[in-house]
Amino acid sequence: MDPEAFAVVGLRTMGGLEELFEAYGIRYLTASRIAEMGFTANTLLDMKEEELDDMMNSLSHIFRWDLLVGERYGIKAAIRAERRRLLEADDRRHHLHSTDHALLDALSHQGLSEEQVVQHSEKDQLGRAGSGDTAGTSWGAQQQRKKHRHRHHITAMKGAATEEDEEDEEEVEEMRRQREHPFIVTEPGEVARGKKNGLDYLFHLYDQCRDFLLQVQSLAKERGEKCPTKVTNQVFRYAKKAGASYINKPKMRHYVHCYALHCLDEHASNALRKSFKERGENVGAWRQACYHPLVTIAGRRAGWDIDAIFNAHPRLCIWYVPTKLRQLCHAHRHSSASAASSASTSTSAPTAHHLELPY
């Protein structure tokens, strides 16, 4: 293909990224990598700060792309500038629209006011000829009322705009609360496309947490402080200060049992991922399905003592056992003990009856 034609095709498939990053020192190859991941300029503009960090970390860790420090800041700066430009353009359009409506409203009120002035002037001249009231006085009063109505109209428009902004903010906040973590079910080695990340990336976050824990332990030893042995709030705060704001306590605690299955039985974990991917299940259903294999492993290896299994594993010993997983193991232990007790009772009862029989 001709180089110029190739460049034209490249521009068409960039999704507006080259224009977005043009003045911010982002390499063309970096922009093309981001486009290969399925992102466009509009997609990036709609993403939150944490999601942008996730995207850049996926680019670095999963795609093994050497993302420069300046490019990280340049991407965010370009997005902020474009958002600001779009917002200013919307404000200008809104201002012109409001001004036109206010002008038309004022003209309509002015026409009505003039008619009322003529009517009042005629009545004053007929009914109050000697009272000293003049048409000029009536005109001044009407002008005052007209100004008052105009001010009231402008105030009402501003109030309506403020209420709409507040409702929009409430809707955005509600969407943020309802929004689940940005993961989709992927097979091992599969790279997720779009705004959501795959499960390989999720498991990689747990390895990153382990690295942050080691750094916190090293700093604590240098300062003579108590070293944490598990991933605690101190580790999450350290990760946030280090720039890894995409690592947070709710997200990591939510999927820790899925990571445990990945560590204890990678073959079973991969089979489960493949099955749910083929059926088109979402990540919430896959997360729930990860409990049962773990309970089975706990019953087979340690008599349902899931804490012992976590503590004996080098990658799991730094994580707290989820309460639900512990409760499930306890329930299975109890039901198994009850079943064994019932079986023992039913087996021993006929023997006792046989001994009572006379010979």
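Glycine residues also receive a Cβ, built from the backbone N, Cα and C atoms like all the rest.
It should be emphasised that the depicted structure is a prediction, and the values quoted were computed from it without experimental measurement.
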Between 49-53, 89-93, 179-183, which stretch does Swiss-Prot give the note DNA-binding region?
179-183
Among 260-279, 340-359, find the range that Swiss-Prot records as region 'Disordered'.
340-359
On a count of neighbouring CB atoms within 10 A, which of the recorded sites Lys226, Arg237 is highest?
Arg237
So, in DSSP terms, is Arg237 (site 'Interaction with DNA') helix, strand, or coil?
helix
I'd like the number of other C-beta atoms within 10 A of the C-beta of Asn233 (site 'Interaction with DNA'), please.
9
Pairwise CA distance, Gly284 (site 'Interaction with DNA') versus Lys226 (site 'Interaction with DNA'), rounded so that it is a whole Å:
37
Through the lens of DSSP with three states only, how would you label Gly284 (site 'Interaction with DNA')?
helix
Reported in the order helix, strand, coil, what are the DSSP residue counts of the DNA-binding region (248-255)?
6 helix, 0 strand, 2 coil
